[in-house]
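Peer 1: Pulled the feature table from TrEMBL, pasting it below:
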- 160-430: domain 'SAM-dependent MTase RsmB/NOP-type' (DOMAIN)
- Cys250, Ala251, Ala252, Pro253, Gly254, Gly255, Lys256, Asp274, Asp300, Asp319: S-adenosyl-L-methionine binding site (BINDING)
- Cys372: active site, nucleophile (ACT_SITE)
Amino acid sequence: MAQALPIRALAARVLLSVENGQSLNQCLPPALNQLAPEQRPQLQALCYGSCRWFHRLDGELHHRLNKPLRKSDRVVHHLMLVALFQLRFSEQATYAVLNETVEACRALSKPHLTGLVNGVLRAAEREGAPELEAISSRFSHPDWMVEKLRHNWPDDWQAILAANNLQAPMTLRVNALRFDRDQYLKLLDEAGIGAKATRFARHGIQLEQPVPVDRLPWFDDGAVSVQDEAAQLCTQLLDLQAGQRVLDACAAPGGKTCAILEACNGLAEVVAIDESAERLPRVQENLDRLDLHATLTEADAADTASWWNGERFDRILLDVPCSATGVIRRHPDIKLLRRESDIVPLAGIQLGLLQAMWEILQPGGRLVYATCSVFPQENHRIIQRFLKQQDTATLVPISADWGRDMTTGRQLLPDPDSHDGFFYAVLEKPRT
Ligand SMILES: C[S@@+](CC[C@H](N)C(=O)[O-])C[C@H]1O[C@@H](n2cnc3c(N)ncnc32)[C@H](O)[C@@H]1O
């Protein structure tokens, strides 16, 4: 096997791939596979941390460089960002960061830049972090996102940005078919894992510290799944009853499909659809581990002619593709990947999916619309637009002790101590 690159060099390459449009979920696993298992958490932490603080670190690097590096040397720019991340946000000894970053520069076949790297990092260490004026550096988010959040949430935007820059807690959903929550909390306690019940989700448990899933009691046997508290709330809104036919229209990787099956024994059928051939197998993996069953179909849910057999659904969960701006703390690469110009086309897809799903909902049935976005354009405004077109649809008010009432739905903003940002709306079709 060829000698693996040093960890920092791998991290720089991953960051470059993210800048070029790949998600961490796509480009990190192949890099992790080049390392021994005990080194993988370090690479993961470097990549997530450097994305989380990318805009701040990039601001500092621009301030320190007289001129940008040539395009062909761009990976060295990212290598310096990784080193700055370590200098500013980790406990790593400075001399190790400097020496090993210079080594990584050589390993990336850029020996002509070792002097520059060394000089920039020494100055960074000597001078400390500069005060930067630019909005993107101050909040470590792209300008457009800061501006949009400021416009959408005049009283909350700074809290949202601050929450986005934190690491999210690890939250579990106890499989109610196997354990009740108190029993499982006891098992965690016996295993020496600190945890507490979530406030809003009935089967949720939040861990004090993230742990590898293989340390969780009975994980392989389907006792629990990893799922944010806000995502778990979907089952409480669906009002599931035995005998119902349920559609999960955008299902992969299947977190909510499994939550639905665990929440109600005796559903007639759960159909899980996703258009991504790459992601759909993840639904099956999750079902298998939990010993649950659903009918899986790879299709564009909106193109009902291609997959629907004509039998209407009593319940539909529509967890639409969205900007994912409510889950930035779990996916900090979103700051680099998402563009402002993505939002209008996404809103078009969301409304189109909602219109198509409405057609296949049983009269008297219920549809829950969900996103992990904090932009009203993808959330309560989609519901407003839909209700204008569909005057027979009934909006069911969500009375809950979580989130805030947006009239046409309920919005959760990311909470530094618990759940992600999420949006839910509940619609019912009259029986006619
Ligand atoms: C927010 S994710 C769903 C997360 C999932 N509900 C869960 O809880 O694990 C959105 C999913 O929608 C899928 N998707 C996007 N457009 C779709 C379409 N037109 N039809 C079906 N699935 C679609 C994407 O592949 C993605 O897996």
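Glycine is treated like the rest: Cβ placed from N, Cα and C.
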Peer 1: Compute the C-alpha separation of Cys250 (S-adenosyl-L-methionine binding site) from Cys372 (active site, nucleophile), stating it in Å without decimals.
Peer 2: 13
Peer 1: Give me the non-local Cβ neighbours of Gly254 (S-adenosyl-L-methionine binding site): same chain, 6+ apart in sequence, Cβ-Cβ under 8 Å, ordered along the sequence.
Peer 2: Ala272, Arg282, Val283, Gln284, Glu285, Asn286, Leu287
Peer 1: Could you measure between Cys372 (active site, nucleophile) and Lys256 (S-adenosyl-L-methionine binding site) for me? Cα positions, answer in whole angstrom.
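Peer 2: Cα-Cα distance, Cys372 (active site, nucleophile) to Lys256 (S-adenosyl-L-methionine binding site): 13 Å.
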Peer 1: Can you tell me how many other Cβ atoms are located within 10 Å of the Cβ belonging to Asp300 (S-adenosyl-L-methionine binding site)?
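Peer 2: Neighbour count, Cβ to Cβ under the 10 Å cut-off: 14.
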Peer 1: How many other Cβ atoms are found within 10 Å of the Cβ atom of Lys256 (S-adenosyl-L-methionine binding site), counting all protein chains shown?
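Peer 2: Result for Lys256 (S-adenosyl-L-methionine binding site): 25 neighbouring Cβ atoms inside 10 Å.
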Peer 1: Among all the protein chains here, how many other CB atoms are within 10 A of the CB of Cys250 (S-adenosyl-L-methionine binding site)?
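Peer 2: For Cys250 (S-adenosyl-L-methionine binding site), the count of other Cβ atoms within 10 Å is 22.
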Peer 1: Looking only at Cβ atoms, how many others are within 10 Å of the one on the residue listed as 'active site, nucleophile'?
Peer 2: 25
Peer 1: Based on the record's binding annotation for S-adenosyl-L-methionine (Cys250, Ala251, Ala252, Pro253, Gly254, Gly255, Lys256, Asp274, Asp300, Asp319), what whole-number value in Å is the widest Cα to Cα distance?
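Peer 2: Farthest Cα pair among residues binding S-adenosyl-L-methionine: 19 Å.
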Peer 1: In the three-state scheme derived from DSSP, which category covers Cys250 (S-adenosyl-L-methionine binding site)?
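Peer 2: Note: Cys250 (S-adenosyl-L-methionine binding site) is coil by DSSP, not helix or strand.
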Peer 1: Return the count of C-beta atoms lying within 10 angstroms of the C-beta of Ala252 (S-adenosyl-L-methionine binding site), excluding that atom itself.
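Peer 2: By my count, 24.
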